[in-house]
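For reference, the structure discussed in these notes is given below.
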Amino acid sequence: MSSASTFGQNAWLVDEMFQQFQKDPKSVDKEWRELFEAQGGPNTTPATTEAQPSAPKESAKPAPKAAPAAKAAPRVETKPADKTAPKAKESSVPQQPKLPEPGQTPIRGIFKSIAKNMDISLEIPTATSVRDMPARLMFENRAMVNDQLKRTRGGKISFTHIIGYAMVKAVMAHPDMNNSYDVIDGKPTLIVPEHINLGLAIDLPQKDGSRALVVAAIKETEKMNFSEFLAAYEDIVARSRKGKLTMDDYQGVTVSLTNPGGIGTRHSVPRLTKGQGTIIGVGSMDYPAEFQGASEDRLAELGVGKLVTITSTYDHRVIQGAVSGEFLRTMSRLLTDDSFWDEIFDAMNVPYTPMRWAQDVPNTGVDKNTRVMQLIEAYRSRGHLIADTNPLSWVQPGMPVPDHRDLDIETHNLTIWDLDRTFNVGGFGGKETMTLREVLSRLRAAYTLKVGSEYTHILDRDERTWLQDRLEAGMPKPTQAEQKYILQKLNAAEAFENFLQTKYVGQKRFSLEGAEALIPLMDSAIDTAAGQGLDEVVIGMPHRGRLNVLFNIVGKPLASIFNEFEGQMEQGQIGGSGDVKYHLGSEGQHLQMFGDGEIKVSLTANPSHLEAVNPVMEGIVRAKQDYLDKGVDGKTVVPLLLHGDAAFAGLGIVPETINLAKLRGYDVGGTIHIVVNNQIGFTTTPDSSRSMHYATDYAKAFGCPVFHVNGDDPEAVVWVGQLATEYRRRFGKDVFIDLVCYRLRGHNEADDPSMTQPKMYELITGRETVRAQYTEDLLGRGDLSNEDAEAVVRDFHDQMESVFNEVKEGGKKQAEAQTGITGSQKLPHGLETNISREELLELGQAFANTPEGFNYHPRVAPVAKKRVSSVTEGGIDWAWGELLAFGSLANSGRLVRLAGEDSRRGTFTQRHAVAIDPATAEEFNPLHELAQSKGNNGKFLVYNSALTEYAGMGFEYGYSVGNEDSIVAWEAQFGDFANGAQTIIDEYVSSGEAKWGQTSKLILLLPHGYEGQGPDHSSARIERFLQLCAEGSMTVAQPSTPANHFHLLRRHALSDLKRPLVIFTPKSMLRNKAAASAPEDFTEVTKFQSVINDPNVADAAKVKKVMLVSGKLYYELAKRKEKDGRDDIAIVRIEMLHPIPFNRISEALAGYPNAEEVLFVQDEPANQGPWPFYQEHLPELIPNMPKMRRVSRRAQSSTATGVAKVHQLEEKQLIDEAFEA
């Protein structure tokens, strides 16, 4: 058997291996032994090793013209050199090598086999086609790919990789080039191979210093994309260097590639060996000869690029010259073809569009300088679309790929021939002129690396310029100390999660794994705030990563966290329901790492209702800022709000809260938002969870900058944290950081995400953590020793192990039944809430003391006049009685805040807390001006809110928590609309104290009353609030007079009781003269009355029927009673619905010893209102009371009828039933 036909050019290697086999059979691999034993001779089937072909050699820059040669000097006798003589120049002529000794040497061994193969090759009738191909596009696109590889996975591609892949594609288009010739059974035969097996000609050094050529095969290349081809190519190369090629690697070559251009050869005709039909030779890359003396500037001006000469040597017996010529033309077209380069860029995950082959465009029409400026602006506005921000480097299935053709130079009528030309750039990068290549390099560095920035949508030019300058200046390299600090934070984040995973297997903790860069990011923002001399950072966040943040950012003791895992409650948590560990809050101090700053850090408690914490945290921050009262620039408490990507895009509370940012009653000087974008929501992918391209696209609607940052680049993450904090301080606006990362585990630690995201978790499983990657980077750069890296992790683990053991040794305390919070706070009984007559007059006079030149609106002036007179003459209505409470509290030095939709005027045109001059639009808040005149820091602040209940109520709740000494009231436009804030009511208002020990004195003012306005303007859902009442969690009231409302508000504000107050306020009663109060009700009546007995009972002994009622229905029943002259009926008003004033009710009932019937009369349907709650609890509290019967509308699914006549009929029937004999 001929080794030449099977192994081609590698036949010499077979001979060498066989000689080794003859000397020592064990010295060759098993495959070779089996082959030689089967063949029994040296010409058995060969095997090959291969080394990497060298890349085509680039020519140097054109050399300057050589100086004329000097005339030869006459030979003279040498003398000692003078000390001052100049040193002689060394000759630039290379020293001539010594010629070998003449003689004759027999050729043996390898070279004998090679010579034999060459003789055999002469039997093949070959022909050669030659083609010069433009190489400019290869230079540009190869550089783009290699830049991307340098920033991501490392490595590079060579020209030979590209040409080899183009060769495979061309063979696929011209399969005849893959054929070969052989003689089988004495007959000429055309061989058509099954696959395209590309042979790489590799020059291997031998032990004796000589070199030998082998050809190794990349098999089945037609099935590969470029990335696969590159991997197979590099595998062959790597194994050839290590001598690890197998016999199979040397066999089956169908076409070969050789690259003499690597040593500067421009054109060669390689030999074709038996068994192959084609061999391609690649020459060096150089400018055409006639331009090799031109300067770079001249070459750029002329648009001259380098060429590469490629030859196709083929077996003329099976391949015709036309086919070979077409083959080379196809290769040339591929190397300048858009789709070929698109395929390579896609396979290599290069986010940019490849450079395109194009003819040079003359500088006519629109000036090219203008086009370059347009390109710069395109990158500023859309460069983020191709930024390398996704650590998984993949496109989510179903998500459309954005169009970023604006970033292609071709879009701007620029071509590759413009890259080295100089253009005016208007100060970009601090220069007036640059080459297009320099411009692209700077633009990509600023806008397309690990940070993608969106800021050009911002309307304010100063903001845009500030951001532009910092982004285009680039990210400064951290110092070695800063790098070690970043690594320390990553170590802490990862070690904490690993420790919990090991010690508490299966317990839910919603780990941060995959997003550990959040810890250095938050630390960076807080550290920057500390350096700015600010007072506090308040954090709001969901449950994912919360434990890690509590420990590594807030500084919560490890022992406390471990105790929670052990089920042991801290002392402060005893009583109440408690909550899961990943809902709890805490606070600590942050010491600036590279400075002297120090700042308080607090984490707000939150429920699992995602994003519900947003408005609450903002309210807390605003309260703290108002308490510090540092003026316009005093927003020294920083809100830092964390989100999940799916929640941020999906939940309406997000834009509701962001919308508050620049409103005067809600501005907190900017919030730093971090979206922890792990690219999944539980099991839902982005294509099913948002219609926006980015989860953060809401932010742009509010004119805020967004920074998308790769979570696997901690240095970029830290820089963005600093930049965002600086922007917030400079411009007082919200700023958004989209931290693109992944979730290592499922939604919780017991979940298996591969069930729903198999492809995503193929990429995640086994992936190196960001800490490991960063450690390798620092080790590779020499910035850290391996010992230091290991010591940090070990010390951190030892610290946690020590605390863990202490907790374990402390022993588990036996769980105890929770006692509740009922006994911790009591209603104040002895507190007097009246004011003096002098203060009452002063409050009334405030509406007369208008600023000079101020005029009331014609419809408001009578209201102001009535308020001045009513404090002496009587007839104080509801709105004025309420304002008297707020104004008197502000007078005493308290901060009173009232906010809601239309609260300044009042939904029903009743309040007029702030008057507006119709001519000048000047505002006048009489009670605030009065409080300010006292000089005791009292304030009465009234704000119209945005049209939101959820965010509005949440903000006011947060405000009441952030400043417990303030009096905070949130008013609904109609009480019905409070259900838009049901999450705040359920999760915070009613249960915050029980779950987290978080107290609040928030007041909810909810207009409620059945006046025929329909099902959405009648009921504040009294039954729902009462259902939430337990353990004294809330005070719920429905006062019937302005004075009692006044006393209730003042009692709530002046007492030490810290619980929310829910008041169902009236609508029709606002102008009901029967419901007005006298001045003495504010000055002489000293307390709130939880129950008001019937004042119109002449003889209690005559009373046979007692009606229990609340709200405006009292006045309708009283009117009917008077009309009918019913002295056998007593109407008792329950003013406080919870806690149930059972003693006062019992006393009232006891005052009617002959009563035979107790009616509970209410406007609301039977299944709503106070009745269901009172039916259940009142008999338990008053065991001996007469049987109680309900009188109300029938049970309904809706709250009220929307038909006025039906409403009137229902009300008449209800009252008639109450007064039945």
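Cβ coordinates come from backbone N, Cα and C, glycine included.
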Looking at Swiss-Prot, ARG544, SER608, LEU610, ASP645, ALA646, ALA647 are annotated for thiamine diphosphate. Which of ASN491, ASN498, ASN563, ASN678 sits in that same site?
ASN678
Which one of ARG1133, ARG1144, ARG1189 goes with THR1035, ARG1051, LYS1087, SER1090 at the acetyl-CoA site, as Swiss-Prot has it?
ARG1144
Could you pull the average pLDDT for the region '2-oxoglutarate dehydrogenase E1, C-terminal part' (338-1221)?
91
Binding-site residues compared (SER608, ASN678, THR1035) - the one with the fewest other Cβ atoms within 10 Å:
SER608
Sequence gap of 6 or more, Cβ distance under 8 Å: name the residues on the same chain that satisfy this around HIS1017 (2-oxoglutarate binding site), in order along the sequence.
PHE974, ASP976
So, in DSSP terms, is ALA647 (thiamine diphosphate binding site) helix, strand, or coil?
helix
State the Cα to Cα distance, in Å, between LEU610 (thiamine diphosphate binding site) and ILE680 (Mg(2+) binding site), rounded to an integer.
15
If you compare CA-to-CA distances from ALA646 (thiamine diphosphate binding site) to each of the recorded positions HIS316, ARG1051, LYS1087, which comes out shortest?
ARG1051
Roughly how many Å separate the Cα of ASP645 (thiamine diphosphate binding site) from that of ILE680 (Mg(2+) binding site), to the nearest whole number?
7
What's the CA to CA span in angstrom from HIS316 (active site, proton acceptor) over to ILE680 (Mg(2+) binding site)?
59
Count of other CB atoms lying within 10 Å of the CB belonging to ALA646 (thiamine diphosphate binding site):
23
Using Cα positions only, nearest of the binding-site residues to ASN678 (thiamine diphosphate binding site) (THR1035, ARG1051, LYS1087, ARG1144):
THR1035
